[in-house]
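What TrEMBL annotates here:
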ACT_SITE  ASP1  active site, charge relay system
ACT_SITE  HIS5  active site, charge relay system
DOMAIN    21-181  domain 'Peptidase S8/S53'
ACT_SITE  SER158  active site, charge relay system
Amino acid sequence: DSSGHGTFISSLLLDLGPRIDLCVARISESGDFRKGISNNIADALHYARTEWKVDIITMSFGYPRGVESIKSQIEHALNDDILIFAAASNDGGNTSRMFPARQPGVFAIHSTNGYGAVSDFNPDPKRDENFSLLGEDIQSAWLTKGESGSCRRCSGTSYATPIAVCLSAFLIAYIPRILPEYKNFLHKIKSYVGMRNVLQLMANERTTGGRTYQYLSP
């Protein structure tokens, strides 16, 4: 991992979800999205759906405009009731929600500090769900060439997103075990609408500077 971004997120996922089966698809050698890697992303989404048969997909990156090949693969995944989470963006009011976070059916994740206060770098909220949770001063592994065993603290919606993913994975595992009467409804929880409804139950509205987001507070 020459950029460190993927290592950071993978380590964070495993720290928060030690029993998850983590599948990683590397889409870029350098993390530079200007070099036409959209086909790699589309291929990774297809492979995750058809070969790995995943339950959840997380994407901590974004494009200013939609990409048709990626849109198509996301739609296929949503049709298979795969939950998809994506980072909203980190440019505050200077840019709107990025793609794929703004695609219908994708959970766009925003950031807060440890007290639930909205991060300044979040994009302006949309009229739909604006879920947010901790994304500031997150510590995780950061491996680059020539280094080992190092950690770094980072802030951004990219890092709030895997935390939201682990929360959702926990809910999928937790609800049928603790509430067996809901076991037959597990397939609904694993759908976009079902998970959205569950997350809304634990969300509290937080407003900063006239911007309101739904802070996930389990």
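Every residue gets a Cβ built from N, Cα and C, even glycine.
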Least buried by Cβ count (within 10 Å) of the active-site residues HIS5, SER158: HIS5
Distance [Cα-Cα, Å, rounded] between HIS5 (active site, charge relay system) and SER158 (active site, charge relay system): 9
